[in-house]
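> First the structure, then my questions, so here it is.
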Amino acid sequence: MKHLLGCAISMEKHKANIAMLLTQMFFAGMALFSKAAISEGMNPYVFVTYRQAFAVLALAPLAAFFERKTLVPLSYNILLKILLMSFLSTLSLNLYYFSIHYTTATFAAATTNIIPSITFVMAVILRVETLSIKQSHGMAKVLGSSVCVSGALVFALVKGPHFNFMNWSMGKTKGAHTSNFHYTLKEEWIKGSLVMLLANIIWSLWLILQVPIIKQYSAKLRLATLYCLFSCIQSSVWAMAMERNISAWKLKWDINLFSVAYCGVIVTGITYWLQLWAVEKKGPVFTAMFTPLALIITAIVSAFLWKETLYMGSVCGGILLAGGLYLVLWGKNTEAEREVNKDQILETKDGTTVI
């Protein structure tokens with residue numbers, strides 16, 4: 001009985017970790033499938049619109065079924081906040097895809113992994129995340145964040161010798177990689193880099209601002225559905241302004257339809273809910289710290305499916321990522337345990353029995 005109770009407690013403590021691992025696996029699939037769809041000529045703004053539409057179709061029935069007994073009032077104040085948060089996510093997504101046209105997919109994946117660092121700094125400034133440099137857990141969070149971001153950048157930007165363990169040819173991969181890096185002008189590269197940075201800052205802000213909204217509106221599935229609904233409307237307006245060719249909106253039974261369905265139902269829909277749940281349990285920095293894992297998963301899957309070359313830089317970056325994540329998670333867990341111990345001591349002093 002004690003063994004079963006211990007297993008249940010252990011599972012409860014690691015639910016957030018498992019949820020974030022699944023989220024990054026879904027994001028890795030998004031990178032693979034969306035890359036295939038856009039390479040086939042699908043407009044990225046149209047892609048975002050359909051993605052949000054599929055998410056609404058997936059989340060609405062789930063919200064209606066699982067939260068049918070949850071009575072949470074939706075005031076005009078909360079509705080306005082949800083509308084603003086939807087705008088932030090829509091803006092971030094569209095800026096992200098816009099910047100890819102002026103840089104490269106590799107650069108986009110690398111800069112996306114700066115989100116944990118941006119989120120950590122913004123959360124500390126806004127006092128959403130606590131930081132105590134004098135404490136070991138505070139130092140671990142600072143050092144872990146730095147190591148994690150450094151590992152992500154090394155993973156994406158540093159090559160070194162390659163691993164030809166399956167005798168894959170480097171000819172096509174290397175040529176495509178070189179041409180992708182040199183096809184843009186210097187001015188376009190700078191513009192794309194700045195827009196990508198702005199997209200990541202907006203997404204970090206979106207993560208942080210979830211905390212007060214979730215406290216006011218606890219129906220997470222319903223909240224995710226409203227996010228996606230408003231984002232779909234906003235994205236459609238943006239896409240119609242940018243793409244007026246009717247043929248660009250047609251979906252056929254091909255990779256385009258599969259990609260928007262996957263990204264809408266699994267990524268935009270399910271991961272929205274998982275992220276909201278994790279933010280409520282562990283905070284925005286904990287959620288953002290798992291972002292670099294999608295880069296590793298994407299590289300591994302691409303190596304086997306598309307026979308992309310694995311470099312020494314990727315391996316070293318992966319080791320740094322794992323070490324950085326361990327430091328941050330250790331810091332978060334240590335901090336949480338100390339807070340629990342403090343509460344127990346206070347309860348004991350007040351004469352409350354602690355079980």
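Glycine too: its Cβ is placed from the backbone N, Cα and C atoms.
TrEMBL does not curate its annotations; it predicts them automatically.
Sharing the record's features from TrEMBL:
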- 16-149: domain 'EamA' (DOMAIN)
- 21-38: transmembrane segment (TRANSMEM)
- 44-66: transmembrane segment (TRANSMEM)
- 78-99: transmembrane segment (TRANSMEM)
- 105-126: transmembrane segment (TRANSMEM)
- 138-158: transmembrane segment (TRANSMEM)
- 189-209: transmembrane segment (TRANSMEM)
- 191-329: domain 'EamA' (DOMAIN)
- 221-241: transmembrane segment (TRANSMEM)
- 253-274: transmembrane segment (TRANSMEM)
- 286-305: transmembrane segment (TRANSMEM)
- 311-329: transmembrane segment (TRANSMEM)
> Are the transmembrane segment (253-274) and the transmembrane segment (221-241) close, by which I mean at least 3 Cβ pairs under 8 Å that are 6+ residues apart in sequence?
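Per Cβ check, the transmembrane segment (253-274) touches the transmembrane segment (221-241).
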> Look over the recorded stretches 44-66, 138-158, 221-241, 286-305, 311-329 and say which has the most C-beta pairs under 8 A to the transmembrane segment (78-99).
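Going through each listed stretch, the top one turns out to be 221-241.
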> Work out, from DSSP, the number of helix, strand and coil residues along the domain 'EamA' (16-149).
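The composition, in the requested order, is 105 helix, 0 strand, 29 coil.
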> Would you mind splitting the domain 'EamA' (191-329) into helix, strand and coil residue counts from DSSP?
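For that range the per-state counts are 116 helix, 2 strand, 21 coil.
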> Can you say which of 21-38, 138-158, 189-209, 221-241, 286-305 has the most Cβ pairs under 8 Å with the transmembrane segment (44-66)?
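It is 221-241, which has the most Cβ pairs under 8 Å.
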> What parts of the chain pack near the transmembrane segment (221-241), using Cβ distances under 8 Å and only residues at least 6 beyond its ends?
43, 45-46, 48-49, 52-53, 55-56, 59-60, 62-63, 66-67, 70, 72, 82-83, 85-87, 89-90, 93-94, 213-214, 268-269, 272-273, 276
> With a Cβ cut-off under 8 Å, give me the same-chain residues at least six positions beyond the ends of the transmembrane segment (138-158) that come close to it.
106-107, 109-110, 113-114, 116-117, 120, 131-132, 285, 289, 292, 295-296, 299, 311, 313-314, 316-332, 334-335
> State the non-local partners of the transmembrane segment (189-209) in its own chain: residues 6+ outside its ends, Cβ under 8 Å from one of its Cβ atoms.
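Same-chain contacts beyond the flanks: 85, 88-89, 91-93, 95-96, 98-103, 107-108, 111-112, 114-115, 118-119, 122-123, 126, 128, 275, 279, 284, 287-288.
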> So if I exclude everything within five residues of the ends of the transmembrane segment (311-329), which remaining residues of that chain have a CB under 8 angstroms from its CBs? That is, six or more out.
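Distant Cβ neighbours of the transmembrane segment (311-329) are 17, 140-141, 143-163, 285-286, 289-290, 292-293, 296, 299.
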